[in-house]
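Presented below is the structure to which this report refers.
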Amino acid sequence: MEAELASIIKVWILVIVSLSYCFYFSSKLPKGIFRLLSLTPVFFLFLYLPLTVSSAHVVGLTTFFLAWLGNLKLLLFAFDQPPLSPPPPTLFRFISLASLPIKHKTTAPSQPPHNISHHLPKPVLLAIKVGILALVYHYYNYKQHLHKNVVIAMYCIQLYIELELMFAMAAVPVRAIQGLELEPQFNEPYLATSLQDFWGRRWNLMATGILRPTVYDPVRRISARVLGPMWVSLPAVLAVFVVSGLMHELLFYYWSHVAPSWEVTWFFILHGVATTVEVAVKKVVPEKKRLPRAVSWLLTLGFTVSTTLWLFFPPIVRTGVDERLTRDFPELVDYFQGLLPSCLALL
């Protein structure tokens, strides 16, 4: 674990140096091709850095934070688009926005979808999720006696809760040092009543927020030339899912170093097609004639879980990444718990 910690430190030293270069040099260049060319070495560096770490969780976070979100944010920065343009007032804020899954809340939120966090205090909800995660890890000891789909469903629960916890922890230093109010990263996705609700307003909102300006908006503008205003969003929605599928294939490659099987891409294409059909139906069916909320919730949950069991998790299980994920997280927690007394002593 000491070697892995050294690798993590090297990664973030390179991230800080490269983003300092972007802040002090690239931001002074005119937007467009010249700024884009100046950022090209950073794009390649961010694609390379996940290969320098080995823990499954660290690989996943490095890929998502840097190879995915970081590169797309810098691509927008090359053309003077938010969230990095205009450049934040301090280098710390620029690095934080570029390398972490955070978004500064600048406007009052729209009416949020119904969720149980309105009725439960956040610490209570967090404690419940941590307890569920602990139960999942406990029952992994008996997974040889469980049906394989039950085990994969446990992986789904583990993935969601760990992602929410780790993304929230990544935002803590920025919130504490800068005092910024940040957008939520997840919004109780298990309560989604439609695929559009799940992907657009509840699951991994940082990815949704960065794919909109980089993929959805450009494809929508191109589609507007050939499609009427009623249907112009459909190819843009599908394009977002295709790009998301390819980015997940990249993540799976970093995890396993095995050539893509394309099951994950097909998972996202299937969800993209289903979401575009759902959006199209909503455009022609009045709201009062749609399915009851409870039925929509069951259908959404059933479709998401069944397609996950069918296409998303099999490559993870086949390449042994699931074993690494279940082994690495407790080891990371134990290691950093061991470091905590030393850190407190230094303070």
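Cβ coordinates are placed from backbone N, Cα and C, and glycine is handled just like the others.
Regional average pLDDT for the domain 'Wax synthase' (183-269) in the model is 92. The domain 'Wax synthase' annotation in TrEMBL covers 183-269.
Taken from TrEMBL, the feature transmembrane segment covers 6-25 (among others).
Residues or ranges marked as transmembrane segment by TrEMBL: 32-51 (among others).
If one looks beyond the transmembrane segment (57-79) by at least 6 residues along the same chain, the residues whose Cβ comes under 8 Å of a Cβ in the stretch are 4, 8, 11, 15, 22, 26-27, 31-32, 35-36, 39, 42-43, 46-47, 49-50, 85, 97-101, 162, 166, 170, 206-207, 210-211, 213-214, 247, 250-251, 254-255, 325, 328-329, 332. According to TrEMBL, the transmembrane segment annotation covers 57-79 (among others).
The annotation transmembrane segment is assigned in TrEMBL to 124-140 (among others).
Packing against the transmembrane segment (230-254) from elsewhere in the chain are residues 50-51, 59-60, 63-64, 67-68, 199, 207, 211-212, 215-217, 219-220, 223-224, 260, 262, 264-269, 271-273, 275-276, 279-280, 283, 315-316, 319, 321: each is 6 or more residues past its ends and has a CB under 8 Å from a CB in it. Look at TrEMBL and you will find 230-254 (among others) tagged as transmembrane segment.
Residues 194-196, 199, 230-231, 233-234, 237-238, 240-242, 244-245, 248, 303-304, 307-308, 310-312 of the same chain sit 6 or more residues outside the transmembrane segment (266-285) yet have a Cβ under 8 Å from a Cβ within it. Feature annotation from TrEMBL assigns transmembrane segment to 266-285 (among others).
If you look up TrEMBL, you'll see 297-317 (among others) marked as transmembrane segment.
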Intrachain residues whose Cβ lies under 8 Å of the transmembrane segment (32-51), provided they are six or more past its termini: 11, 14-15, 18-19, 21-22, 25-26, 59, 62-63, 66-67, 70-71, 74-75, 77-79, 254
DSSP residue counts for the domain 'Wax synthase' (183-269), split into helix, strand and coil: 60 helix, 0 strand, 27 coil
